[in-house]
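Enquirer: Pasting the relevant annotations from TrEMBL:
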- 34-146: domain 'Ig-like' (DOMAIN)
- 153-248: domain 'Link' (DOMAIN)
- Cys199-Cys220: disulfide bond (DISULFID)
- 254-343: domain 'Link' (DOMAIN)
- Cys298-Cys319: disulfide bond (DISULFID)
Amino acid sequence: ASGSYHPFYNGFYYNHIMNDNGDGQDKVDYFSGARLVVETSRDPVYSYNGANVTLPCHFHYEPDLGPKRKIRIKWSKLRDDYTKEQDVMVAIGKTYMAFGDFKGRAHIHQGSRHEVSLVISDVRLKDDGKYRCEVIDGLEDESDIVDLRLQGIVFPYQPPRGQYRLNFHEAEQVCQDQGAILANFNQLFQAWSEGLDWCNAGWLADGTVQYPIRLPRKPCGGVHLAPGIRSYGPRHRHLHRFDAFCFSSALKGEVFYLDRPAGMTLEEAKQSCQDAGAEIARVGQLYSAWKFVGLDRCNAGWLADGSVRYPIVTPRANCGPAEPGVRSFGFPSKGRFGVFCYRER
């Protein structure tokens, strides 16, 4: 290809590679004849908010070449459509560098000569997703994908202003304000498979607008469509307005209920939580406590966004519908209720 005539070895020849001295002389790197193989977990790796997790990755050569020079390891996080990567960390030997939100939280675990697993500490909601483990040995470069999934809960969210008031960026912010993030499709699909049925369309993290239907009905795509995830596809992130599907995971702290005989206003509720060494709970925290801790309280309480809700694990008389769930009284402009507080452990 270079126009010069050099012998080829085993069908592979690499020319015009700068040598380590940077003097412009060609460095010829011949193919070794061994195949580099990278392997990760075939099954998703599950974790939760605040935990430590190891994403397994191993490599080997076929045939085995024995001890080799130092290789380069690169871990990156992929978008769901594989179109873009976020650098997580790179490593050569015992020297490594983590990037962005992974600084101070990511390192390589090498329990054996051919292990290059990624350890992530203090897992965050945005860590959910696909990761590429890439092993680079000279001119050989192989990689494999491992899927990290956070155990969590998806909940639909409307702001106090009402239905379909959020563009994509506002939806991102309201989920963050509620101790959550915008859900991705896999998370929404999992919630649908567990029973989520919601006829209002909401933003997902990839900029699409979708909604989950368990019981087909006329206002929700029609009675003749099968149950599933209805999709409006990608929408304009500034101009179009919908609700949001938020995702929250397990909590580091606890949610508890406070009340007074005469109830409290929203401001009094916030102060009561502060007096108890806590803060008023967010919507995502209440949903997480309901799902992961089994919080069951047939008393309405204020939350940080000004809504009034209560969680029911065991349905019973005078506590709403016959299904478990988080009940909502909306955003009352006046009234006196208890309050749900959140305290870090």
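Placement of Cβ uses the backbone N, Cα and C atoms for every residue, glycine included.
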Enquirer: Across the domain 'Ig-like' (34-146), what is the average pLDDT of the model, as a whole number?
Expert: 90
Enquirer: Can you check which residues sit near Cys319 (disulfide bond), meaning Cβ under 8 Å from its Cβ, same chain, 6 or more apart in sequence, and list them in order?
Expert: Cys298, Tyr310, Ile312, Arg327
Enquirer: Provide the three-state DSSP residue tally for the domain 'Ig-like' (34-146): helix first, then strand, then coil.
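Expert: Tallied per class, the domain 'Ig-like' (34-146) gives 6 helix, 62 strand, 45 coil.
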Enquirer: For the domain 'Link' (153-248), how many residues does DSSP put in helix, in strand and in coil?
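Expert: Helix, strand, coil within the domain 'Link' (153-248): 22 helix, 30 strand, 44 coil.
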Enquirer: Using a Cβ-Cβ cut-off under 8 angstroms and a sequence gap of six or more, which residues of the chain neighbour Cys220 (disulfide bond)?
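Expert: Sequence-distant Cβ neighbours: Cys199, Tyr211, Ile213, Arg230.
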Enquirer: How many other Cβ atoms are found within 10 Å of the Cβ atom of Cys199 (disulfide bond), counting all protein chains shown?
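Expert: A count of 14.
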Enquirer: Looking only at Cβ atoms, how many others are within 10 Å of the one on Cys298 (disulfide bond)?
Expert: 15
